[in-house]
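Enquirer: Sending over a structure as structure tokens; questions will come in a sec.
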Amino acid sequence: MQHKLLINGELVSGEGEKQPVYNPATGEVLLEIAEASAEQVDAAVRAADAAFAEWGQTTPKARAECLLKLADVIEENGQVFAELESRNCGKPLHSAFNDEIPAIVDVFRFFAGAARCLNGLAAGEYLEGHTSMIRRDPLGVVASIAPWNYPLMMAAWKLAPALAAGNCVVLKPSEITPLTALKLAELAKDIFPAGVINVLFGRGKTVGDPLTGHPKVRMVSLTGSIATGEHIISHTAPSIKLTHMELGGKAPVIVFDDADIEAVVEGVRTFGYYNAGQDCTAACRIYAQKGIYDTLVEKLGAAVATLKSGAPDDESTELGPLSSLAHLDRVSKAVEEAKATGHIKVITGGEKRKGNGYYYAPTLLAGALQDDAIVQKEVFGPVVSVTLFDNEEQVVNWANDSQYGLASSVWTKDVGRAHRVSARLQYGCTWVNTHFMLVSEMPHGGQKLSGYGKDMSLYGLEDYTVVRHVMVKH
């Protein structure tokens, strides 16, 4: 397995402390990787800064060609990437290969095209004898921090728009799941000029802090927890860096009496438990109107009970393990606290799986109340709660009564209600009669403590640029 860092176009071994990388399906150590030293972090940033002088002036066509080549080699090595992702994350292999790899390839291809469509507003003479124009220029060095739930996908979301806009990047994947990012580094080094892409390995304190705090870094992009986001914003404040934050969510799923119950059940069975629920947009906080509450709980409980946990390389496996032992304990603690309320009922699941690996049973909890922690706090596991509501006004208020603001969905056959409720929800995305669906052309990003800035779409590309005014006297 490729375990070297990419710094200034060269694959090099880390010079810091070695850290174990685990297979969460077995609990076994896959390998140990040496972290980047402080000197290597500095070297990576300075390499990116030096490369920016030329890369930032390349044509959109040239940048697009590099991104398309990278997309092609990811596609050609799709099986290798899927197997690495499956071993390091515990994802079902068929899901990694069939769902994630094509989407990752598409992200790079989309931004290759988007790079050639980015422009500033054509302007004119707003002062006699002077012509103004607006430019959208790259920022410089971007420090990108990717999470452990979708390591390669999030690396793509970070790299593609930043590079398309003309920036240079230093990427730090999670120390828990670094393998696909390090493999990507191996392939990217032969496509991009030295220093344009750099990939480091290490923990937040030892590598993340010196990277994000480096004076040559102009922007920090993070997908991660609220706590990590708060830390980075505080840590980078003295140098006034631009920050781009996607910090998790607790998606409300509003099911009205007139909804297609079978579609809701099928949707939540898929969208609430995909990737073992380790998804910031997971359909995890259901609000069911009183007329269909009992029926929905019964049918959804039966459906969730059929979800198959198992070995990632088993074609029939639908749920793999959680990412780490520490995270398994966090999920288990959240469910135990819910049980202890006395009014929340476990419909199915509610316990760790016996045996090796970090498995938690797919869980459905009914009878949750608005102020319960299971409703208010992100669990980030295969755990879905159901809360009864009376009317539209109540459920909109409850849905918005959250520190999160990333994703939401509304299930109803009433088109007017769908538009009315969607307009009032304080979330970056609202789906109607579906959930979890993402496309490269549309923006993804949140409000409130879910963060700010957009991934994907032309909006995402613009986030990696600076608006500049140029005035010419004539």
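Every residue gets a Cβ built from N, Cα and C, even glycine.
These came from Swiss-Prot, pasted as-is:
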type	residues	note
ACT_SITE	Glu246	active site
ACT_SITE	Cys280	active site, nucleophile
BINDING	Ala146, Pro147, Trp148, Lys172, Pro173, Ser174, Glu175, Asp209, Ser225, Ile226, Ala227, Thr228, Cys280	NAD(+) binding site
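Are these features on the surface or tucked inside, and what are their neighbours?
Expert: Just so you know, the Cβ of Glu246 (active site) picks up 25 other Cβ atoms within 10 Å once every protein chain is counted.
A simple way to gauge crowding: the CB of Cys280 (active site, nucleophile) has 26 other CB atoms within 10 angstroms, across all the protein chains here.
Taking a C-beta cut-off of under 8 angstroms and a sequence separation of 6 or more, Trp148 (NAD(+) binding site) has the following same-chain neighbours: Cys89, Ser174, Ile176, Thr177, Ser323, Ser324.
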Enquirer: Determine the most Cβ-crowded residue among the binding-site residues Ala146, Ala227, using a 10 Å radius around each Cβ and all protein chains in the structure.
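Expert: Selected residue: Ala146.
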Enquirer: Test of understanding: give the count of other CB atoms lying within 10 angstroms of the CB of Ser225 (NAD(+) binding site).
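Expert: Its Cβ has 15 other Cβ atoms within 10 Å.
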Enquirer: Could you check what DSSP calls Glu246 (active site) once collapsed to helix, strand or coil?
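Expert: Going by the DSSP assignment, Glu246 (active site) falls within a strand, counted as strand.
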Enquirer: Which three-state DSSP class does Cys280 (active site, nucleophile) fall into?
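Expert: SS state of Cys280 (active site, nucleophile) = coil.
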Enquirer: Among all the protein chains here, how many other CB atoms are within 10 A of the CB of Pro173 (NAD(+) binding site)?
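Expert: The Cβ of Pro173 (NAD(+) binding site) has 27 Cβ neighbours within 10 Å.
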